[in-house]
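The domain 'Fumarylacetoacetase N-terminal' annotation in TrEMBL covers B:19-104. Annotated substrate binding site per TrEMBL: B:114, B:128, B:222, B:226, B:326, in sequence order. Residues or ranges marked as active site, proton acceptor by TrEMBL: B:119. Per TrEMBL, the feature Mg(2+) binding site maps to B:215, B:235, B:239.
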């Protein structure tokens with residue numbers, strides 16, 4: 001937690017502050033975060049995404065802890081895992097618990113036919129759906145088809161989504177150590193653009209040529225780029241350095 | 001201030017608002033608040049429509065079948081109700097002393113695992129002194145067997161000393177077990193949709209909550225019968241479980257990474273967010289604490305156990321119940337069975353009253369309790385599992 005807080009506060013005033021998003025912290029580790037922030041004395045509150053790992057019933061308490069520390073934390077987003085068959089009643093409770101100006105991100109667990117229905121319900125409910133793109137086993141990495149299906153639901157709903165895990169590199173590649181093939185965040189970005197303009201999403205997700213992806217991203221018109229960022233709104237990464245290095249290499253930063 | 005006036009219903013006590021375990025009283029489904037039961041049927045109107053029938057039921061069976069969205073919603077609503085300043089209309093507390101324990105759900109299939117490395121090694125050394133303590137498959141899969149669902153009993157039920165065959169000098173001998181033992185374990189109550197091949201990431205959608213388990217074991221019967229097909233009558237006479245089920249959601253802060261295995265495991269057993277749980281267990285023998293098994297030392301988690309149990313296509317259904325296997329740690333005072341604690345009777349333990357024990361005597365009572373870390377330094381409690389040994393009929 002010490003390193004995470006220091007890293008975030010430094011990055012906030014660093015060269016790449018522009019690409020830095022929210023600080024993510026699980027609800028179970030809020031007390032630890034607050035202790036560190038009291039020591040670090042940030043000049044302005046840290047914009048926070050609260051990751052609920054304490055169940056639906058844990059939301060009100062975690063939110064009130066954050067709100068009681070307004071000098072240290074500014075709550076922008078609340079993220080929660082959800083069963084793949086997440087339903088309206090459950091989602092309704094989430095919105096009761098989360099303040100209106102805070103973004104709700106819900107991740108229906110991927111798997112089975114009901115997953116995309118769950119994603120659809122999250123969207124209908126006005127929350128952002130989240131897709132998990134990696135982890136410690138092959139199963140944690142969604143296939144190109146699954147990501148494409150997710151994007152088609154999201155793009156047709158015209159809403160924002162968030163991605164997480166396994167996305168610290170720009171371009172699709174296979175990790176030599178683990179043998180897992182990772183999705184690239186640039187692939188996701190280009191695929192989102194294509195989903196919005198009715199082009200081949202699967203090809204963009206499968207692309208391993210970084211230059212080609214970079215060219216396509218650069219060629220997006222301003223309105224198209226804005227539309228893409230409106231949909232692929234955020235993704236989580238435990239490192240700022242790696243994505244920035246990739247983007248620089250591709251001439252995108 | 002909450003409307004619940006019970007000093008045991010405080011966040012620094014095991015059954016404070018951070019825990020809220022479910023059980024059953026004569027009035028049906030209830031939640032435990034401190035040393036009281038709060039029956040839910042009389043306050044069923046305080047819940048959303050889809051929860052009304054679930055909380056009005058005689059047992060937890062309908063709730064188990066309802067699945068994670070409903071469980072999660074119910075706990076969230078209960079958290080509001082018990083923290084409110086006024087009682088919900090119809091809300092009446094019943095002192096636990098006036099509630100007799102009932103098995104809160106219908107046990108469907110029962111599986112017992114063998115997932116403490118320390119226990120497996122100890123038992124290996126005792127039962128097979130000339131072989132390697134751990135069999136080669138042990139670090140690659142959670143070893144388990146199917147037990148007897150019909151003899152799972154609720155805490156407080158007396159246990160009649162089993163009779164059976166044991167090995168004698170001149171062939172088998174029949175009679176009451178002379179090496180009756182306990183196994184301190186942690187059990188997982190299943191629910192949600194019927195499913196097979198449950199990935200480790202979906203475990204929380206099929207596990208409703210956690211109870212303490214005492215897997216009574218007749219070591220003499222077991223030693224004579226267990227090869228080649230495993231435990232049978234040495235185990236099937238009784239398995240005791242706690243009367244209140246601690247919901248999985250109460251254990252968010254108790255999650256830990258289990259100790260590493262010496263080898264990689266097959267992909268279906270890999271866990272992204274490990275479900276090791278940091279329960280501190282206490283075993284009392286006639287009021288003397290004889291052991292403190294650490295559940296965080298278990299090598300396999302319940303998510304891996306469930307993944308393994310269903311990977312062949314076998315389904316999990318509401319009411320299925322599986323137990324961790326005896327919990328033992330690296331130290332002598334961590335051992336979760338008397339077989340290990342007394343090293344097969346060679347090192348008897350001395351109880352508070354000065355008496356010595358190797359195995360259970362008639363009239364002995366064993367109580368197992370546990371806590372786990374909760375939010376803000378609180379502890380999450382697990383209802384005790386207690387049982388007294390009665391002489392063989």
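In case you wondered, yes, glycine gets a Cβ from its N, Cα and C as well.
Unlike curated records, TrEMBL annotations are generated automatically.
The DSSP breakdown of the domain 'Fumarylacetoacetase N-terminal' (B:19-104), given as helix, strand and coil counts, is 38 helix, 16 strand, 32 coil.
In three-state terms derived from DSSP, residue B:222 (substrate binding site) belongs to a helical segment. Ranked by Cα separation from residue B:222 (substrate binding site), the recorded positions B:119, B:215, B:235, B:239 are led by B:235. When the recorded positions B:119, B:235 are scored by other C-beta atoms within 10 Å, B:119 scores highest. When the binding-site residues B:128, B:226, B:326 are screened for a C-alpha within 10 angstroms of the C-alpha of residue B:239 (Mg(2+) binding site), no residue qualifies. Summarised as a single figure, the pLDDT of the domain 'Fumarylacetoacetase N-terminal' (B:19-104) averages 96. Those residues of the chain, other than B:215, B:235, B:239, with a C-beta within 8 angstroms of the mean position of the Mg(2+) site C-beta atoms are B:112, B:147, B:148, B:183, B:213, B:214, B:216, B:217, B:231, B:236, B:238, B:323. For the pair formed by the residue listed as 'active site, proton acceptor' and residue B:215 (Mg(2+) binding site), distance between Cα atoms is given as 14 Å, rounded to the nearest Å. In this structure, the binding-site residues B:222, B:239, B:326 were compared by how many other Cβ atoms lie within 10 Å of their Cβ, and the smallest count belongs to B:222.
Per-site Cβ counts within 10 Å over the binding-site residues B:114, B:226 peak at B:114. Of all the binding-site residues listed (B:128, B:215), B:128 has the fewest other CB atoms within 10 A of its CB. Largest Cα-Cα distance over the residues recorded as binding substrate, namely B:114, B:128, B:222, B:226, B:326, equals 18 Å. Nothing from the binding-site residues B:114, B:128, B:226 places its Cα within 10 Å of the Cα belonging to residue B:215 (Mg(2+) binding site).
Here residue B:235 (Mg(2+) binding site) is positioned 13 angstrom away from residue B:114 (substrate binding site), judged by their C-alpha atoms. In the three-state DSSP scheme, the residue listed as 'active site, proton acceptor' falls into the helix class. Classification of residue B:239 (Mg(2+) binding site) by DSSP places it within a strand.
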